[in-house]
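Quick notes on the structure that follows.
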Protein chains: 2
Amino acid sequence: MRTDYCGNIDSSYVGQEVTLCGWVNKRRDLGGVIFIDLRDREGLVQVVFDPDLPDVLEEANKLRSEFCVKLTGKVRARPAGQVNDTMRTGEIEILGTGLHIYSKANALPLDWNQENSEEQRLRYRYLDLRRPLMSQRLKFRSQVTAAVRRYLEGDGFLDIETPILTKATPEGARDYLVPSRTHKGEFFALPQSPQLFKQLLMMSGMDRYYQIVKCFRDEDLRADRQPEFTQIDLETTFLDADGVMAITEGLIRDLFNKMLNVELGDFPRMTYAEAMQRYGSDKPDLRNPLELVDVADLLSTVEFKVFSGPANDPKGRVSVIRVPGGASLSRKQLDEYTKFVGIYGAKGLAWLKVNSLEGGQEGLQSPVLKFLSEDITDAVLQRTGAQSGDILLFGADTANVVTEALGALRLKLGEDLDLLEGEWRPLWVVDFPMFEEVDGQYHALHHPFTAPRDVDAEQLKANPADALSDAYDMVLNGVELGGGSVRIHDEQMQSAVFSILGIGEQEAQSKFGFLLDALQFGAPPHAGLAFGLDRLVMLMTGATSIRDVMAFPKTTTAACPLTSAPSPANEQQLADLAIGVVKKNT
Amino acid sequence: MRTDYCGNIDSSYVGQEVTLCGWVNKRRDLGGVIFIDLRDREGLVQVVFDPDLPDVLEEANKLRSEFCVKLTGKVRARPAGQVNDTMRTGEIEILGTGLHIYSKANALPLDWNQENSEEQRLRYRYLDLRRPLMSQRLKFRSQVTAAVRRYLEGDGFLDIETPILTKATPEGARDYLVPSRTHKGEFFALPQSPQLFKQLLMMSGMDRYYQIVKCFRDEDLRADRQPEFTQIDLETTFLDADGVMAITEGLIRDLFNKMLNVELGDFPRMTYAEAMQRYGSDKPDLRNPLELVDVADLLSTVEFKVFSGPANDPKGRVSVIRVPGGASLSRKQLDEYTKFVGIYGAKGLAWLKVNSLEGGQEGLQSPVLKFLSEDITDAVLQRTGAQSGDILLFGADTANVVTEALGALRLKLGEDLDLLEGEWRPLWVVDFPMFEEVDGQYHALHHPFTAPRDVDAEQLKANPADALSDAYDMVLNGVELGGGSVRIHDEQMQSAVFSILGIGEQEAQSKFGFLLDALQFGAPPHAGLAFGLDRLVMLMTGATSIRDVMAFPKTTTAACPLTSAPSPANEQQLADLAIGVVKKNT
């Protein structure tokens, strides 16, 4: 119906007749001459209707914002003063000679010139997506997936689909259930990830698998989560952790290079222990220069119990964040930060302002200064590298509380004080513990199919607490882009892990019998990784929410204001499925 | 861990040392020398362990079928007499110098040298997929999806994901429901297709959309259906039917060319009316030369009521299939065909054998000959082009019964008598009726969003029965590969269709209010199509079931013998979802 996209018409078209289809972005009437900006996926172009063609002008007079039209016209250079250098079509305009209105538009319920509520944006998503910012994001996302596919296919990965109607998997979150009609009283689960299927594909000799695949978690949608999200999921046979990390690091490097013209370079590696120690996080944002500096050894003898207590407790931690230039923080700001660390269980936030390094204690200011000898203060200043104008912020509590509270505080300070350096700071976090112990019960830090490093099944059972896993997380700017591991390919080891996790033999058989079976028929060594596509695209486009890089996301209560899903089922449907609603929503 | 794939080692490697990983496909002990065929995704290679390296030989002695191993060895040419021309690695063998067993294998529960039950194959799918035939099919499928993506991306299509947790869509089949936890008593539906979302994407200006996407239908799985299947789904703006047909025909032509080195040429087009008339099917297999020839006008005056009744009934049909060489069919075979057409409601199957065209009635043989005058017989012979040795098979009943029964009989005869000609016979079927009337109620032949041809809303409402739709089905070898249509982009027209389908205003608002809303904001003309990927790959690989081109299909009762899904939910899960099981499976 058209000869080209609006956004493609540049000065090379001058003198040509074109036919374009699109939407009226803006319409102006300047003394009987009508100007419209016509918009399609590729951009805007200016069209002029003048009185020389009265019939066409009359039709153009009917145009309003968001009418959908086809028009024909001749491309001509704009008069010198009207050139717009900021757009591709800015040197030309089209003299409209024919116009057909496909469909009219009512006044829009969204005002693109201001913020609209999330609810309104999702309810009229088809209008929200007309905004160039949104359509460019979806276009960018499509280009990212295409580039990912090309890279992986070039590396021998096969795109293999795994089931959506499947069995509950133990990924930690709540499953979405789907009642079966043919097996009444039974349920499928939607996959939280294709973890076990991809492992089975490796056991079936597919060698290298990938899939860009929907996954599902029925979680409470605090923060930026969605009930369905998309993974770039991959798995390989006969590769170790280094092999998988090389492939996936190469993939992300290639993507940033091609899509953003950014050279990420080699990703540094950091152990989980170091990340928690220095950054109080297993996904440190390296753009943030602040670090946690441990000072328990320096403060173990002070009389101030708030410090010396945790300093002498094997499960305690005493750490300092030095904030360059932070001496100028106001009392009010410090009170707010104290409240902030309270969220993470910290009972207070001791501080020490270094107004001037010269002149000893005189240059320092702190409510706790009286508890510290000059020697100790000097040692702390030296270890933290304090400079005049800095502030030191102290955390002293159990290791968990200090790590979490100062880890979060570090991020907040970085943002509040605009301290971030550099644009892109990727890294690998490695050497995670296999298990975390909560109330005497071990939990898998990744998932129960992750292989431990350098121990056999007996050694693992003898000392689970100290075991490290062969897992690796890719982190970019403080966001976990992806995580993976070498998997267990030995039945004894898999059974040992189940038993450490408190999964009895009977439960293991009923839940994972098919995996334990499969491990008895020549299971190969295998390892893989999964990226969160939504987060990756969000980071790359600079969007602040994954909802802004999804075409039809759900609200934070997991509903769709556009289609009004979920909605009640009718009696017949429920009868077919042999289920009943126990309690209506109140 | 390896230097190359097993299947890639050819004579260019002679003299090199290689390290390979894979599975023991076969092991033979020939007088103290051990031969194994090592298998990976790319093929087999022969490895020899000889007594010169007793340690390695001892390890090799432990090998059994399907052990997973790594081995090192030197590539050498095979002795002249042992070259195997049928495989890439057939000119070489590897002298094994190192061997590591990753994992042992129990005796396999599947015997690859014979047919295994579907249940066993699915239960041990990871072993079933090790068969080269199966792994090649999955590899082929992956290559098909990659080629499709590349073609469509090259044509400006954006890959955009639509939701899996969504609202019930009216595609005709039963929906899978997903109870909502955050909106208790309400349900999501899994999409039967992304139809409405892709239309909304066109309204949002995305211009060209595609997705290779899972769809879901909770149907009784007679025939070759699966609860979840995959569509190549696409939609375009500002293109008419011809435009979409050109793109999608080009896609399939390109695919057959690249993947199978087959030139499909231009696809012929046939109207629905002609397809039903000549082939008794809306998806005719053009490889089958048999056709239905209408003879009602010739038989309207005969005394035999079985013929003259339907011949004089406006809703009747009398047709003949001429089967070349069919005069040799036995009485028993004819009885079986009579029984076969009975399935479709035909009360009998009159036949006329043309033993010899010479000699008038003498050369003919038929129980109904006595009812037919020589003139009439001659006219029938002439119209059907009968030759000596042929048989004519008659259908006389309501048009529906004759069309369906002879349409099915035509296919059966084509297969039984091995009549198919040519390998690939694609075509487009066009000009479908908008509606079919069943018991005074109109149903959409495609779906309620399909645009009619050449009528406005008033004309459509005045005469729905005669309206043709702007829909098109792509058919290959009697299989519907894909179907699509121009969609309605006008609210009046959409409301008219809903009203013809008996969907009242209130129901239309509650089910499709968001679509009717969207049509009021400058909706563009748009059209699209969806291919069934599973069927396409099945046809292209010569598989006989879509289950053989899916990694983890379900059984005909929609269950997964591998993971034992579906399975019972626990009390907590049901309580969270506020649903209860009304009746256990019996």
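Cβ atoms are placed via backbone N, Cα and C, with glycine included.
All annotation found in TrEMBL is predicted automatically rather than curated by experts.
Here the structure is a predicted model, which means the values were calculated and not measured.
Per TrEMBL, the features are:
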BINDING   A:Glu171, A:Arg217, A:His446, A:Arg487  L-aspartate binding site
BINDING   A:Arg217, A:Asp218, A:Glu219, A:Gln226, A:Glu480, A:Gly532, A:Leu533, A:Asp534, A:Arg535  ATP binding site
DOMAIN    A:138-553  domain 'Aminoacyl-transfer RNA synthetases class-II family profile'
REGION    A:195-198  region 'Aspartate'
SITE      A:Gly81  site 'Important for tRNA non-discrimination'
Secondary-structure category, per DSSP, in which A:Glu480 (ATP binding site) falls
strand
Can you figure out which of A:Arg217, A:Glu219, A:Arg535 (the binding-site residues) comes closest in space to A:Gly81 (site 'Important for tRNA non-discrimination'), comparing Cα atoms?
A:Arg535
Looking only at C-alpha atoms, tell me how far A:Glu219 (ATP binding site) is from A:Arg487 (L-aspartate binding site), rounded to the nearest Å.
26
Tell me the Cβ neighbour count for A:Arg217 (L-aspartate binding site), meaning other Cβ atoms within 10 Å of its Cβ, over all protein chains shown.
20
Using DSSP reduced to three states, classify A:Arg487 (L-aspartate binding site) as helix, strand or coil.
strand
List only the single closest residue to A:Arg535 (ATP binding site), chosen from the binding-site residues A:Arg217, A:His446, A:Arg487 by CA-CA distance.
A:Arg217
Cα-to-Cα gap, A:Glu480 (ATP binding site) vs A:His446 (L-aspartate binding site), nearest whole Å:
13
Binding-site residues compared (A:His446, A:Glu480, A:Arg535) - the one with the fewest other Cβ atoms within 10 Å
A:Glu480
If you measure A:Arg217 (L-aspartate binding site) to A:Leu533 (ATP binding site) at Cα, how many Å is it?
15
The record names A:Arg217, A:Asp218, A:Glu219, A:Gln226, A:Glu480, A:Gly532, A:Leu533, A:Asp534, A:Arg535 as the residues that bind ATP; what is their largest Cα to Cα distance in Å?
20
Structural state of A:Leu533 (ATP binding site), classified by DSSP into three states
helix
Between A:Arg487 (L-aspartate binding site) and A:Leu533 (ATP binding site), how far is it from one CA atom to the other, in Å?
22
